[in-house]
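One structure is given here, and the rest of the page talks about it.
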Amino acid sequence: MKIYLASGNAHKKQEMAAIFAGHTIVIPADEGIEFDPAETGSTFMENSLIKAKALWNLVKQPVLADDSGICVDILNGVPGVYSARYAGKDRHTGTPDGRKLPQEEQNRLLLEETAEAVAARLAGTASHKGIESELRACRYVCAMILFLGPDRFYAAQETMEGTLIPSLSESRGTGGFGYDPIVILNGYGKTVAELSAEEKNRVSHRGKAGAALRKLLDDYPRGIR
C-alpha cells in the first residue's frame, strides 16, 4: 500500500519506512506537494488528526500522521505539544517572532528549566540521595493516526519513559533527533540517541504506536482499502 506520511521530516520517514516495511511511505515533498498545516490542537491526538485530514484533503489516499513530543513531569508536562517550538522558561509555546531555536539550544533550556524546578522542589530537604533523578522523570508521547477518509481512521497513542540527564555536558549519542541525546531510556542506561535504529523502533513511543497500526494493517481481513 502507498501511504502518505504527513511530515517533512526525513528521519521520521526512515523510521516509518522500517516499521511499515512492505508498504511505500511517501512524504509530500517527494511529490512536490506543499504541506505545512497549522498545528493548533491542545493535545497530541488533536494535532495528529489535523495533519492527517489536511494531507488527505490534498491526496485522497491513505495518510499516516503523528504528533509527538516530550513531557517533563516536574514541569507539568512541558514542553508537550510545543516540543518543536519550545524556547525555554516563560516561552513554552515558542519565541515571540515564531523562530525555531536550534535543537541544542532547546535541549539546554529544557535542562536548565528542569534543574531550576528540581532545586526548588528540594529546597529545605535534608537528603537528596536518589530523589533528583526521580524528579527529572520524563516521557515521550506519540499519537498516530492511519487516516483512510473523513469518517474512517484508526488511532494509537504510546509513550516511552525516561529521565533527563542533569546537564547538557552529559549529552550522549549521535543517533535519532530532537531531544534524544538528553533522555536516558529507563531500563537501558543509555540515551535514546545511543539506541540502534532497530532498538528505537522496538521501544520508542513512535515505534510502538506504529507497530499497533501496522498490526491492524496485517490482520485486517483482505487488507484495508
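One is the number of the first residue shown, and numbering goes on along the chain from there.
Quick reminder: no glycine exception, Cβ is built from N, Cα and C everywhere.
According to TrEMBL:
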ACT_SITE  Asp67  active site, proton acceptor
BINDING   Ser7, Gly8, Asn9, Ala10, His11, Lys12, Ser68, Phe177, Gly178, Tyr179, Asp180, Lys200, His205, Arg206  substrate binding site
BINDING   Asp67  Mg(2+) binding site
Which state, by DSSP, holds Ser68 (substrate binding site): helix, strand or coil?
strand
Other CB atoms, at most 10 A from the CB of Gly178 (substrate binding site):
20
To the nearest whole angstrom, state the Cα distance for the pair His11 (substrate binding site) and Asp67 (active site, proton acceptor).
14
DSSP on Asn9 (substrate binding site), three-state: which is it?
coil
Which has the fewest other Cβ atoms within 10 Å: His11, His205, the binding-site residues listed?
His11
Listed binding-site residues (Ser7, Asn9, Ser68), ranked by Cβ neighbours within 10 Å, top entry:
Ser68
Ser7 (substrate binding site) to the residue listed as 'active site, proton acceptor': how many Å between their Cα atoms?
10
In the chain carrying Asp180 (substrate binding site), residues 6 or more apart in sequence that have Cβ under 8 angstroms from it:
Gly173, Thr191, Val192, Ala193
Grab the substrate binding residues from the record (Ser7, Gly8, Asn9, Ala10, His11, Lys12, Ser68, Phe177, Gly178, Tyr179, Asp180, Lys200, His205, Arg206) and give me their largest CA-CA distance in Å.
20
Quick check for the class: what is the C-alpha distance, in angstrom and rounded, between His205 (substrate binding site) and Asp67 (active site, proton acceptor)?
11
Measuring Cα to Cα, how many Å separate Gly178 (substrate binding site) from the residue listed as 'active site, proton acceptor'?
13
